[in-house]
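Contents: one structure, followed by commentary.
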Amino acid sequence: MSRRQTCSLLLIAFGLFYLVPLSNHGLWIPDETRYAQISQAMLLGGDWVSPHFLGLRYFEKPVAGYWMIALGQAVFGENLFGVRIASVVATALSVLLAYLLARRLWRDPRTSLACALLYASFGLIAGQSGYANLDPQFTFWVNLSLVALWHALDAGSRRARLLGWTLLGLACGMGFLTKGFLAWLLPVLVALPYMLWQRRWRELLGYGALAVLAALLVCLPWALAVHAREADYWRFFFWHEHIRRFAGEDAQHSRPWWFYLPLLAVACLPWSGLLPSALRQAWHERRQAPVVFLALWLLLPLAFFSLSRGKLPTYIMPCLLPLALLMGHALVQRLRLGNSVALRGNGLLNLGLALLALAALAYLQLRKPVYQEEPFELFLVLLVIGAWAAAGLAQWRYPLRAWAAPLLASWVLIALLPAAMPNHVVQNKTPDLFVAEHLDELTGARHLLSNDLGAASALAWRLRRSDVTLYDTRGELKYGLSYPEHSQRSVPLADIRQWLWRARQDGSIAVLLRINSASDRYQLALLPGDGERYRNGNLVLAILPQVRP
């Protein structure tokens, strides 16, 4: 197949598996609705400096990630595609970086293509590409900073070296504006030991200053602007989002230190069967500069994230590009040698996983059906399992010819699985679809009320309003609600009837509740019985009409 044909086929696959599904399912709570609403508020209100969630100060992240999601909504509309396109673009650019870095390291087109394809089809990378959060963007900036570092170190001229270090600084600056100080730390974790090993520490000190200057030029305008606007921003952001998450006893998402070790194997499905051979080859080539650089990039950030108390699966996404390159390099070496053992093992692993998933689905359907009168969704999930099994079987039977079969498994999974979710999951996790069904009833509401931040942000995004009052909930908006001018934005349970009576004299109220517990049912019971009510799964929408004093 010619290069032009390969590129055309990959572009078609990108459109079919990555772009088309973006509009086929609602926004998942809590992340997608949160980021959609924050960026929409920037777009509508014009405040590009201070992030606000539901109109309240929200200082958990800087602003660049919101800017990119807002840009997507500005260009493509305030819709599902517009909210998610930033993640797809960031992922596509990271795939391109994988290709370019592999080409620079090994100067072999086949290896470059294999590395890019593996990275694009890693389960964690592909799955996050259609999900509106900040991790794909942050991962791209970290990837760009370290690719720029290698280009600077491998440059043949002073001009190219200056360009590489400058690009490194710009990428660190944008990464900082996306997710914070980690964007500076991760490149240092790799650059410092690598350049000490190469005995190039003077170069690190000299050119590193240029990278720091470039990063400051990117960061300082916003950093000073937000400090002038919100004097408490940096205190909260540094201590709450960095120190507390890393070392605090009450850190969010606390996990054991080994949490990421098995997760790393899961993250690179459907290629996990190649991990042992790739790591073994990396060990044999441990004195080669490219392998040392990639190993440091993989292992040191992984060790840092493992030491942190707070852990989420997506935190290790910056570690996956070097892993894809090590695996792609080992894969092509085995293809050239005609060694099919690792490929057969990977195919057998995927086939076994597909059969296990099929058996689990059959068991659940017989004992406690996951899908109830949902033949289309059940068909889609069977199609996903079938594609995974077919890819595994093909790679097991014809490992040297069908080595790329897992691509199909991964891409069918990300394209179809969101649409294959059971109705009870969709109803519970994508409340914006329920809101969209009742826009006519909601449009005239004077007040909005919700007992759940995910549902509240879905309501705000669909209605293009930030003024949702919180019903007996605070969550991650505890800090924003602590400001005196916003204390009325949250109504405790004891005051709800009085608040409803006063608010209804001013106009109608739309109340969106998620009912997941006895306390939620009690919240529902406290609402007046008049007006209209609509229910979908565990979501209840009540339209309470205006009353006269």
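From the backbone N, Cα and C atoms, a Cβ is placed for every residue, glycine too.
Lifted from Swiss-Prot, the feature list:
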type: TRANSMEM; residues: 9-29; note: transmembrane segment
type: TRANSMEM; residues: 80-100; note: transmembrane segment
type: TRANSMEM; residues: 112-132; note: transmembrane segment
type: TRANSMEM; residues: 136-156; note: transmembrane segment
type: TRANSMEM; residues: 176-196; note: transmembrane segment
type: TRANSMEM; residues: 204-224; note: transmembrane segment
type: TRANSMEM; residues: 256-276; note: transmembrane segment
type: TRANSMEM; residues: 288-308; note: transmembrane segment
type: TRANSMEM; residues: 312-332; note: transmembrane segment
type: TRANSMEM; residues: 346-366; note: transmembrane segment
type: TRANSMEM; residues: 376-396; note: transmembrane segment
type: TRANSMEM; residues: 402-422; note: transmembrane segment
Contact check, the transmembrane segment (80-100) vs the transmembrane segment (136-156), 3+ Cβ pairs under 8 Å, seq sep 6+: yes
Interface present between the transmembrane segment (256-276) and the transmembrane segment (346-366) (three or more C-beta pairs under 8 A): yes
Feature contact check the transmembrane segment (256-276) with the transmembrane segment (402-422), CB under 8 Å, 3 or more pairs: yes
Intrachain neighbours beyond the transmembrane segment (9-29), with Cβ under 8 angstroms and 6 or more residues off its ends: 1, 36, 79-81, 83-85, 88, 91-92, 126, 129-132, 407, 411-412, 414-416, 418-419, 421, 426, 429-433, 436, 452-455, 457-458, 461
Contact set, same chain, for the transmembrane segment (312-332): CB under 8 Å, 6 or more residues outside the stretch: 94, 97-98, 101-102, 105-106, 108, 110-111, 114-119, 122, 124-125, 128, 133, 135-136, 138-139, 142-143, 146, 186, 253, 260, 263-264, 267-268, 271, 274-275, 277-279, 281-282, 291, 293-295, 297-298, 301-302, 305, 342-343, 403
Range from 176-196, 256-276, 288-308 with most C-beta pairs under 8 A to the transmembrane segment (376-396): 256-276
